[in-house]
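**Student:** Let me give you the structure first, and then I'll get to my questions.
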Amino acid sequence: MSLFDSIMAGFALVGNFNAFLSLFIGIIIGVIGGAIPGISATMAVALALPFTFPMQPINGILLLLGVYKGGIFGGSIPAILIKTPGTPASSATILDGHPMAARGEAGRALGMALWASCTADLISNLSLILFAGWLASFALNFGPPEFFALMLFSLTIIAGVSGDSLLRGALSALLGLLLATIGLDLVYGTNRFTFGDPSLMGGLNFIAVLIGLFAIPEVINMVWHPTGHIGKVQSLGSKWVTFADYKRSFRSIVRGSFIGVFLGSIPGIGAAPAAFLSYSEARRKSPNKANFGKGEIEGVAASEAGNNGVAGATLIPLLALGVPGDVITAIIIGAFMVHGLQPGPMMFVMNVDIIYGLFIGLIFSSGLLLIVGSLAIRGFRPVADIPKRILMPCVLVLCIYGVFAVNNNIFDVGVMFVMGWVGFVMSRYHIPAAPFLIAFILGPLLEDNFRQAMLMSGGSPEILLRGPITWFFWALTVITVVAISRGTLNKAREPG
Amino acid sequence: MNNRTLQVHLGIGACLVGLFLILYGIPNWVSSPSNVPKIILSPLFWPYTIAGLTGLVGLGLIVFGRGADDDDIPVNDPIEDPGTGVVRLAAMAVLMMVTFWAMPRIGMVWASMGAFAALAFLVRTRHPKIALTCAVLVPLVLYAFFAHVASVAIPQGNYVRLP
């Protein structure tokens, strides 16, 4: 079948009202799910999965993809408005989105988040269509040493989100790495800091740590200084994102989209590291780097481009190799199987109409996301106008339900409370929370891949430099560390 | 507390944490099989590495902190009533502990209603009637959503059970 025939077959499959309605409903469910802290895009996809069983395969899968894409954008809404990321992928959006909301530019931040999300989504979908086979075969060459080198390079992101002091950022990251060691050792199954408590054997729940670190300190801060917010504006504001803003951030959006595409095509990385890496790169390259972390619109654009760039790319290994790129695509692979489809190279031969139908649906999804997202921003507008001393108890209760719902475990609520106090103390001592979170995400991946590589080589470190992929990432790491060291020394030499 | 003091305090704290982990925490709270062929494969290797690096970063903070300007600029905005603020923080800690304890016993809905109301009054809300109304409605709406839409088994407690 020629390319033209394949595209026509795809059009025949999705060129109907039901297919677009499924996609549209999926995006609405995703945006709402992503906007409620604790639901997350993953949970929204899992909740929607059973509803797709009686549907046509293409419609059901489009609905789930709509939920996925809507969920990743939806997470930015509470991240910007109430400093509580709806999904882990939106953690980086807080860094500049919330300071913008605090000075009355929530509408502008949300608008940029939407535009950046839609652009990144489109780039990600086009990349999926153009590079599915090539990128998937590249990602297939990744073993533990390559992953270790990639994770090590990803840890250099910390320098970009450390704020005023690199050492305080490093301390924060080390605390995150330390907390990530809690639980059973993955190689030998022995206890590490579990104190005999079975609840700690699986490690600390990521969502509980994330919400505890970012949302609860805001509540505690309000208790410490109940009138501290008076005089500080917190509303959508009359300022809206302009084309000039978009144009100014366009390079960061495109760069972030490709970072998302690259990391998304490698199984197991996920959207959160992509968002942080994109943010860090935008900060490094921006002429306004001093404003990053204080409410820079380019920071919002970069974070959202990074996490949305992942959404289409995670389908590359899924469709080309049958390997899910992240948790959400692992759920979506279930939908394929329920409908008697087996993602992988053979699907490009046996079900080429479905492959091209999905590609066409995904291209339209970016436009639908723009429509649904614009309505959602206005729909969630009242959140910005709620008095803060009513909003904070709402946030507390929402966090309790959200964290509990992830694992149906009250222990996680306790972890969230404890992490809230850790986050509060960190904020009083000006220790940035973002490096903690990045290290907490990357720590287990770094350690596992390091130890797997060592097991493979019998303890010889030479395996960590075994091929061009590892050399590439090691070189990037060295260049970045040298650049960071030079920057820090130059800053220290500056008078005043 | 100025930037210099903060940096030095943090450095001392990090060194103490690193030392505590190396001398007591890791030997007692991390177990490792006796037949691990190489130290880098041991479950102890990573925690010891992190603890060592924490100590080093602590030393760095002390050194750079001592070299920083000793100005009088406080790093945090002062509040009018620090004494009452500490009492409020203690009350918040108690509120969290009580909520955590009460959730499996009286149910998440009732516990969160109490937590909402208590927190609203702790932060001295200017809208007490709205706060009380929200304290009842928000947990009920969340319960309805999570229990009936998302099929999450919200703890009901031993006394009043919701449909």
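Here the Cβ of each residue, glycine as well, is placed from N, Cα and C on the backbone.
Keep in mind that TrEMBL annotations are predicted by a computer and have not been checked by a curator.
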**Student:** Can you identify, from A:118-142, A:318-342, the stretch that TrEMBL calls transmembrane segment?
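**Tutor:** Checking TrEMBL against the ranges A:118-142, A:318-342, the transmembrane segment one is A:318-342.
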**Student:** Counting Cβ pairs under 8 Å to the transmembrane segment (A:169-188), which of A:20-49, A:389-406, A:418-442 comes out on top?
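**Tutor:** Counting Cβ pairs under 8 Å, the winner is A:418-442.
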**Student:** Looking at A:20-49, A:200-220, A:463-484, which one has the highest count of Cβ pairs under 8 angstroms to the transmembrane segment (A:389-406)?
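**Tutor:** The listed stretch sharing the most Cβ pairs with the transmembrane segment (A:389-406) is A:200-220.
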**Student:** Please indicate, using numbers and ranges, the residues of the same chain that are 6 or more beyond the transmembrane segment (A:61-82) and have a C-beta under 8 Å from a C-beta there.
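**Tutor:** Residues packing against the transmembrane segment (A:61-82) from afar: 14, 19, 22-37, 40-42, 44-45, 48-49, 51-52, 55, 88-91, 93-94, 97-98, 100-101, 106, 109-110, 113-114, 117, 121, 215, 218, 271, 300, 303-304, 307-308, 310-311, 315, 328-329, 331-332, 335-336, 339, 354, 358, 361-362, 365, 368-369, 372-373, 376-377, 380, 383-384, 391, 395.
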**Student:** Would you mind listing the long-range same-chain contacts of the transmembrane segment (A:20-49), meaning Cβ under 8 Å and 6+ residues beyond its ends?
**Tutor:** 14, 55, 59-60, 62-78, 84-90, 207, 211, 215, 327-328, 331-332, 334-335, 361, 364-365, 368-369, 372-373, 376, 380, 398-399, 401-406
